[in-house]
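Novice: Quick one: structure below, then a few questions.
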Amino acid sequence: VPGARQRGGSCRCPGVQTWLPVLRWLPRYSLAWLQLDVMAGLSVGLTVVPQALAYAEVAGLPLQYGLYSSFMGCFVYCFLGTAKDVTLGPTAIMSLLVSSYAFHEPAYAILLAFLSGCIQLAMGLLHLGFLLDFISCPVIKGFTSAASITISFNQIKNILGLQGIPRQFFLQVYETLRRIGETRAGDAVLGLACLAALAGLRVMKSHLPRAAHEEPLAARVSYLIVWTSTTARNALVVLFAGLVAYSFQVMGSQPLTLTGSIPQGLPAFRLPAFSMDAPNGTVPFWSMVEDMGVGLAVVPLMGLLETVAIAKAFASQNNYRIDPNQELLAMGFANVLGSFVSSYPITGSFGRTAVNAQSGVCTPAGGLVTGALVLLSLAYLTSLFYYIPKAALAAVIISAVVPMFDAGIFRTLWRVKRLDLVPLCVTFLLCFWEVQYGIMAGVLVSGILLLYSIARPPVKVSEGDVLLVQPGSSLHFPAIECLRDAVCSHALAASPPRSVILDCCHISSIDYTVVVGLAELLQELRKRGLSLAFCSLQDPVLQVLLSADLEGFQHFPSREEAERCGGAELGDGRAAPFTCTSESSLLPA
């Protein structure tokens, strides 16, 4: 188990262990671990049930689909996951993406889960996890901060009890402000009370001291009760709101907007539908794929990004390691198998993972308990969900997503690197229009900034008897013209013109275009009676230049030796070609 003391009896099949991480910890499983895993699984289960209902509302799907999406990931990750703390299921971010790409149609959402899982499996098998590195931190922060605002405002209508509010953000803001006079007092009072209760319980938990083993039994029991209440605060608040709504129903008046009927029973295990019946005929598979468009790239990538980032964060915090490519496989299998039980795309949940870690979970087996609790809820408790007020679920969502807004990132980037504010602001602003446009534009701007830094590397030029030119990074084909211009402009503009030493200590790789450009630069300087020498070449770069057989190629082991061998003056005022009798500066055969 990651982070746990190892004992004997583990599986001796490293190949099988790589594909089935459960075999690394199962032979060493103990009763003490079981107790902690059960407690953690119950805590996460009490959190996920109300959140699943709320996130289905964000996704624009019937509420039961939130529960359908909440158990398969728990079971799959127990066998294939490498982080003991991570829990998979519906999240606010993924629900928002599903709302954008599934068009509030369950058939589209389920097919999106299946195809996303297939893409994630392919990425894991082909070791393509490095693609996630191209989504920069400013893009992620811009997206999550905008999502926090849009998701929160999307729930204001449920807090106020308004109906018929459009889902597009700007229209939503306009309609909500225009119709604020239609607010239902009961929903507003209950929603604000739930928000206050959730905020208070969150603050109480953050200030809760750890119970010491030497304290009396009564004190430890009291601590356990308070800790459970604050950890399962979502379930506690929803339960209280449901009791209030039921009391009004019994008295014959209902000032609250209720969730309504949710179908009871477990979802059928079957292949997702690859076509959909519509009023004007059947929508075929390829038309559904075309409708989802760029969502087939955004959804799997964002799901992987969220899961791997959470897994890395908690692995670092709890001192164990994860396998990113195995995480891709676990996510892929969870989404593919989840689509067989009518799940929409799932990913790692930061909030529920934090609950899992704080509950002292020892292995991924805690997910089995969480999944079983969701199945029990589907089988026996859906009739009780009828009385859950929509305002209470809205309060749960707002409480979960408000911490995602990172106001400090703007100040931090202004202090650290102001140019990174460009992709942050582009992503943040465009996500209010359409999520996909915000993410794509942010990645595009980040890519342009990255390419610009490659095409225009920093070049330090020092003047003396010879001109010392030092590129600040590796040279790739877009950068060679910039380097040639810098060398020629300084070498030829000097009076008298000077030979050049190219200090390559920061250059770890070059390509063919760079070799051609350097050859042309050597010829250009030689025509003017000047020399170009290389120093501090790293072995891979040296081998490439040697294999190119450049005419007039000279190399010195160090800058000092190149400067010592290259400053003799000719009668016409130009620097002579570099000459040195020291054997240490000779070019290797």
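The backbone N, Cα and C atoms fix where each Cβ goes, glycine too.
Take a look at what TrEMBL says about it:
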- 31-53: transmembrane segment (TRANSMEM)
- 65-86: transmembrane segment (TRANSMEM)
- 107-132: transmembrane segment (TRANSMEM)
- 224-248: transmembrane segment (TRANSMEM)
- 294-315: transmembrane segment (TRANSMEM)
- 327-346: transmembrane segment (TRANSMEM)
- 366-386: transmembrane segment (TRANSMEM)
- 393-414: transmembrane segment (TRANSMEM)
- 426-452: transmembrane segment (TRANSMEM)
- 465-550: domain 'STAS' (DOMAIN)
Novice: Looking at the transmembrane segment (294-315) and the transmembrane segment (393-414), are there 3+ C-beta pairs under 8 A, with each pair at least 6 apart in sequence?
Specialist: no
Novice: Give the residue counts of the domain 'STAS' (465-550) per reduced DSSP state, in the order helix, strand, coil.
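Specialist: Breakdown, helix to coil: 43 helix, 13 strand, 30 coil.
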Novice: May I ask for the residues of the chain that lie six or more residues beyond the transmembrane segment (426-452) and have a Cβ under 8 Å from a Cβ within it?
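Specialist: Contacts with the transmembrane segment (426-452): 96-97, 100-101, 134-136, 138-139, 142-143, 145-147, 149-150, 169-170, 294-295, 298, 302, 419, 478.
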Novice: Sort out for me which stretch, of 65-86, 224-248, 327-346, 393-414, has the most Cβ pairs below 8 angstroms to the transmembrane segment (31-53).
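Specialist: By the under-8 Å Cβ criterion, the transmembrane segment (31-53) pairs most with 224-248.
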Novice: Given the transmembrane segment (393-414), which of the listed stretches 65-86, 224-248, 327-346 has the most Cβ pairs that are under 8 Å apart from it?
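Specialist: When the Cβ pairs under 8 Å are tallied, 224-248 comes out ahead.
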Novice: In the same chain, which residue numbers or ranges, 6 or more beyond the ends of the transmembrane segment (327-346), come under 8 angstroms Cβ to Cβ?
Specialist: 19, 59, 61, 65, 68-73, 76-77, 80-83, 88-91, 94-95, 97-98, 102, 106, 109-114, 116-125, 128-129, 266-272, 299-300, 303-304, 307-308, 311
